[in-house]
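Enquirer: I grabbed these lines from Swiss-Prot:
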BINDING   H70  heme binding site
BINDING   Y82  ubiquinone binding site
TOPO_DOM  1-14  topological domain 'Cytoplasmic'
TOPO_DOM  36-57  topological domain 'Periplasmic'
TOPO_DOM  80-89  topological domain 'Cytoplasmic'
TRANSMEM  15-35  transmembrane segment
TRANSMEM  58-79  transmembrane segment
TRANSMEM  90-113  transmembrane segment
Amino acid sequence: MDMVDRTSRRGYRDWFVQRITALLSGIYAVFVIVFLLVHHPISYPQWHALFSHLIMKIFTLIVIFSILWHAWIGMWTIFTDYVKNKPIRLALETLVCLLLVGYFVWAIEFLWIAR
């Protein structure tokens, strides 16, 4: 019985995290859409100025991290539900994890290092 409780808590946590990450993504999308509508037609200097602010870089990085976390929970759930062969599931999970980490590193490079 104890095992069922731990599983249900993890399921609830995953459900909750997906709702929070979706909310963050939605807030970010609304902000960007409003910015685009207010500054129509937008120029490159305006776009660059928006993403040059420290707060926007931090917010963008948080949203990217939350999207990747959201994706990880979704892919983990799909693999757990549909891939019954454990070595194949582990290989797929490892591949997805490496890709998501790579995407996050790429986002950091794009936001903070690239000029």
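Glycine is treated like the rest: Cβ placed from N, Cα and C.
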Enquirer: Can you count the other CB atoms that lie within 10 A of the CB of Y82 (ubiquinone binding site)?
Expert: 8
Enquirer: Could you round the CA separation between H70 (heme binding site) and Y82 (ubiquinone binding site) to a whole angstrom and send it over?
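Expert: Rounded to the nearest whole number, the Cα-Cα distance is 18 Å.
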Enquirer: With DSSP helix as H/G/I and strand as E/B, how many residues of the topological domain 'Periplasmic' (36-57) fall in helix, strand and coil?
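Expert: Each residue of the topological domain 'Periplasmic' (36-57) counted once, the result is 16 helix, 0 strand, 6 coil.
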Enquirer: Counting every protein chain present, what is the number of Cβ atoms, excluding its own, within 10 Å of the Cβ of the residue listed as 'heme binding site'?
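Expert: Result for the residue listed as 'heme binding site': 19 other Cβ atoms within 10 Å.
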